[in-house]
Amino acid sequence: MTILLEEKEKLTFECETGNYHTFCPISCVSWLYQKIEDSFFLVIGTKTCGYFLQNALGVMIFAEPRYAMAELEESDISAKLNDYKELKRLCFQIKEDRNPSVIVWIGTCTTEIIKMDLEGMAPELERELGIPIVVARANGLDYAFTQGEDTVLAAMAQRCPSLPLNVEEKSQNSLFNQSSNSPENLKTLNTKKDTFQNSTENSKTFSAEKKKTQNPFEFFKSLEEFFPSFSIQNNKKETILSKNSFVPFVEVEKNMYPLESSENSKAESFYHLLREGEQTNQNSELVKPKLVLFGSLPNTVATQLKLELNRQGIEISGWLPSTRYSDLPILDTNTYVCGVNPFLSRTATTLMRRRKCKLISAPFPIGPDGTKAWIEKICSIYGKKPIGLEERETKIWEGLEDSLKLVRGKSVFFMGDNLLEISLARFLIRCGMIVYEIGIPYLDQRFQAAELALLEKTCFEMNVPVPRIVEKPDNYYQISRIRELQPDLVITGMAHANPLEARNITTKWSVEFTFAQIHGFTNAREILDLVTRPLRRNQNINSFSEFFGSTTSTFVQNQF
């Protein structure tokens, strides 16, 4: 076992069978329908999906939750019924009973197998219904447990509003109004080739170019092409115009302002172009980018992270998802986005490619170390020096010392289920535990690059071997490795917990970490409580056995 661990000095990645052994991804409905308060989730699947939602979520029928099942029967699967008419009937019933702001269709394995065209039906039905319909595929064939939320947020990101063009131009132009209007500054503008199409229609051209062109310097260049008598020379103190220029100007030190003339209305056009031009490159840093966080968190946890960033002088412009569908954040090229969960790679890709946002690649705010690194990365993007993070992290670790004594030196094995494994492993290594293996259903190394780097750094600082990372692990091989390594704790899915417990392997359900509040500084104890609970149980069993003089410290004999 020692040789096996010593060989792992750097991160190693392996991929085994390619099968998903995880919780069903449609379970994302359980927390998303509570997060988006004016939504309604319609899961389109079979009775199996309905049984899963009823049993796994533990919601009674009379509670009237804001989700429902559209059960597919044999006639639906054999294509004897019109899917559109049936979904239309259900959606109109939902509108009449609940009147939500948005309806989310959740596709399942069945809709994927029979190739239901949900994306094709949704726009037409949306026009008839008058309520937005978001389509997300959360089938267990293609996605792991928590990736159900990823598909929903990726679909919802495309529904986020964009900043109107005139508003965006106005926000950029307001900064330009405060800067110098000298030809030297004008020459530094970003140029976009936009020339006159008809040089004879001067009056029409000027008014058209005033509205069409965002760059005044490019506008002047176009004038030089069609009117040789008009010229601009770069000089710090003056602007030289030829005597035959058709617009009367006056020379002013460092700035030029056209005189309004009743004989020629073109002077007014120049004046507005100068005052409403685009922002210069040297002043681009004055445009304060917005920050949008994506990932579903309980409102209390979201507030905690917001306050942590506010302490650093950073304001959050919005969340994806928002509490109400109408409050979705505005996304544009001046928006920075940062994730709070490691399973949101598809959402991050959509935000970058479709919405042209800038992604902040940071470790995830899980544990004091991860939260500190997450805040530091955001501060670096905004050019702010972090204040008090070292002291805050140290104080949190001191408060966890009673639990750290129990886990320090213990070993843990992740079988893989919820895609939180790398962040949890990094935190537990910082707590003093040894991680033998990190099994994970799916790993996007680009999206989790910062988390992987922090994991490697943590292993180096704690002087422990770097664990092996196995993507889509084979459970049979994992059982063999568990039998060989004999870890103190195995974090696994619900399907494997009881069989492992029957073989004297202490387990913890990974699904509990998904539903627990584990983000931020103050919730680090929640993670340790989940980890130490089975370890404390073993201690109590050992004490019980010693009290009665039993030679067996466990109730079940090893059956390996």
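FYI, residue positions are counted from 1 along the chain as it appears here.
Cβ atoms are placed via backbone N, Cα and C, with glycine included.
Keep in mind it's a predicted model, so treat the numbers as computed, not measured.
Annotation comment: Swiss-Prot describes Cys24, Cys49, Cys109 as [4Fe-4S] cluster binding site. Sequence annotations record features per position, and here Swiss-Prot assigns compositional bias 'Low complexity' to 173-182. As annotated by Swiss-Prot, region 'Disordered' applies to 173-210. Annotation source Swiss-Prot lists compositional bias 'Polar residues' at 196-206.
Feature map: annotations from Swiss-Prot on the structure.
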| residue | record | Cβ neighbours (10 Å) |
| --- | --- | --- |
| Cys24 | [4Fe-4S] cluster binding site | 22 |
| Cys49 | [4Fe-4S] cluster binding site | 24 |
| Cys109 | [4Fe-4S] cluster binding site | 20 |
Original post:
Beyond Cys24, Cys49, Cys109, what residues of that chain have CB atoms within 8 A of the centre of the [4Fe-4S] cluster site's CB atoms?
Top reply: Pro25, Ile26, Gly45, Thr46, Thr48, Phe52, Thr108, Thr110, Ala138, Asn139, Gly140
